[in-house]
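Positions annotated as active site, proton donor by Swiss-Prot: 255. The annotation active site is assigned in Swiss-Prot to 278. If you look up Swiss-Prot, you'll see 257-274, 392-398 marked as disulfide bond. The N-linked glycosylation site annotation in Swiss-Prot covers 185, 225, 263, 275, 302, 329, 354, 366, 436. Annotation source Swiss-Prot lists repeat 'PbH1 1' at 295-316. What Swiss-Prot records for 327-348 is repeat 'PbH1 2'. If you look up Swiss-Prot, you'll see 362-405 marked as repeat 'PbH1 3'. Positions annotated as signal peptide by Swiss-Prot, on the basis of sequence analysis: 1-16.
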C-alpha cells in the first residue's frame, strides 16, 4: 500500500511540475514584490500591481516564441499580467487561439511581431466567412486589458507586394491576408497606448464582442514599394458588436479609418485623427442576399480627416443579389476635413457598381436619423464643386437626414455644391438635385470616380 501511495504522490508531483513549473527563460514576479516589478519594467502608476509573468524574447526574426507566449498567457490568466519587455522582440510564427481568457493584462512595451511566412499563414489561420477574412490569432473571454508603449507588428510588406493589383472583394480572390488583431466572443476588452503597425489586411476586427475600447493608440500602415500599397488596412472593423469606444487615436493607413460593419450598436468615437484614409465610415452593410444588417446608435465627435477619399461616409451595397437593413441614429459632430475627395457622402451604390446597374438594382438599406453637424474644411477638388453627395436609393428610405453648420469649400471654385436626391424632408441646408444642369458636371465627375472601395 505504501508503494502505491508513494507512486501516486510521485505522479501527482510530476504532473504539478509539468503544469506549474517554469519554462526556460521565464519567471513569475509576485504582485507584492514592488522592487522586482520596478526592475523588470512591470511597475505602472496607472495599473494596479499584479502577479507578473515574463517570457524569453526572440533572438532573431526566425526565433518563434509562440509556445512561450501561449504559456505566458495561460500563466497570467485569472488575475495576472504578461509583460513583454521594452527593447525586446517577440516573434509569433504559429496561429494562437486565445479565447479562454478571464481577468488578464498584457503589458506590451516591446515588439510583438508576426512572421511573414505567407504559405504557412494561408494554410493555418482562423477563417471568417464575412468577406473571406482570416487572422493570425483570436482573443476571447472577459476582462482583457492590453496596454503599454510597444508595437504590434503585422510585418505586412511581403503581403502588400504579393497582393498588388488584386481586390479583396473580388469573388475569385484566393490570396487571403491575416488581420492583425481579432476578438471573438469577448466582453470588456481594452487596448491602450500601443502602436499597431503594418497589418497585412484589416488592422482590427471585432466579432461577437461586447464593450471594447481603444484609447491613445497609433495605427500605421506603410509600404516601401510604391507599386504595392497597403490596401484594405482598415483601422476598426466590427461584426455583431455592442459597445465600441475609440478615443484619442491616430490612424495613418490606406483604407477606412473606422468602419463598423453588420449588426454594430452603441459606438462612441472622440478625438480621432485620420490621414490618407477612406473616411470615418458606417458600413458597408447589406452585402449578403436576404440578410438583415443594422448599424445603430453611433456618436462620432472631434475627428480630423486629412488627404483621403472620404470624410463622413455611410455605405450600403446595391446590386441584384444583396441584403437589406438600416443605418440609424448616427451623429457626426465637429469634423475637420482637408484635401478630402468626398467630405460628406451617402453611398448606396457600393461596391464597384456603376450608376446604370445601381438604378436597376438599388440598395435596400435605409438611412435614418443621420446628423452632420459642424463639418468644416476643404475638399480636394477632384469632385469639382461637390462637397457633399447625399443620394438615396429609390428602394430605401432616407429620412431624418440633417446638416447643421456646414462650412466646406472646394478649390474647384465657389459656391460649393451639396447634392441631395431621394431624401425625405428638409435636410437643413440648401441643396441641389443632381439633375440640375448647373451641378450635373460636378456630380457626374464625382460619381464616375466614386464607384470603388
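Cβ atoms here come from the backbone N, Cα and C positions, even for glycine.
Owing to the predicted nature of the structure, the values given are computational and were not obtained by experimental measurement.
Where Swiss-Prot records a feature, it is marked here on the structure.
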residue: 185; record: N-linked glycosylation site; DSSP (3 states): strand
residue: 257; record: disulfide bond; DSSP (3 states): coil
residue: 263; record: N-linked glycosylation site; DSSP (3 states): coil
residue: 274; record: disulfide bond; DSSP (3 states): strand
residue: 302; record: N-linked glycosylation site; DSSP (3 states): strand
residue: 329; record: N-linked glycosylation site; DSSP (3 states): strand
residue: 354; record: N-linked glycosylation site; DSSP (3 states): coil
residue: 366; record: N-linked glycosylation site; DSSP (3 states): strand
residue: 436; record: N-linked glycosylation site; DSSP (3 states): coil
Cβ neighbours of residue 436 (N-linked glycosylation site) where a neighbour is any other Cβ within 10 Å: 12
The one of 185, 257, 274, 278, 354 whose CB sees the fewest other CB atoms within 10 Å, among these recorded positions: 354
Cβ contacts of residue 302 (N-linked glycosylation site) (under 8 Å, same chain, 6 or more positions away): 270, 271, 272, 333, 334
Assigned conformation of residue 398 (disulfide bond) - DSSP reduced to three states: strand
For residue 225 (N-linked glycosylation site), the one of 185, 329, 354, 398 that lies nearest, given that the recorded positions are compared by Cα: 354
For the repeat 'PbH1 2' (327-348), mean pLDDT (0 to 100): 98
Minimum Cα separation from residue 263 (N-linked glycosylation site), reported as the residue among recorded positions 185, 257, 354, 392 that achieves it: 185
From 185, 278, 329, 366, 392, 436: recorded positions whose CA lies within 10 A of residue 255 (active site, proton donor): 278
Nearest-integer angstrom distance between the alpha carbons (Cα) of residue 278 (active site) and residue 329 (N-linked glycosylation site): 21
Mapped DSSP class for residue 392 (disulfide bond), helix or strand or coil: coil
Distance from residue 366 (N-linked glycosylation site) back to residue 392 (disulfide bond), taken between C-alpha atoms, in Å: 9
Distance [Cα-Cα, Å, rounded] between residue 275 (N-linked glycosylation site) and residue 257 (disulfide bond): 8
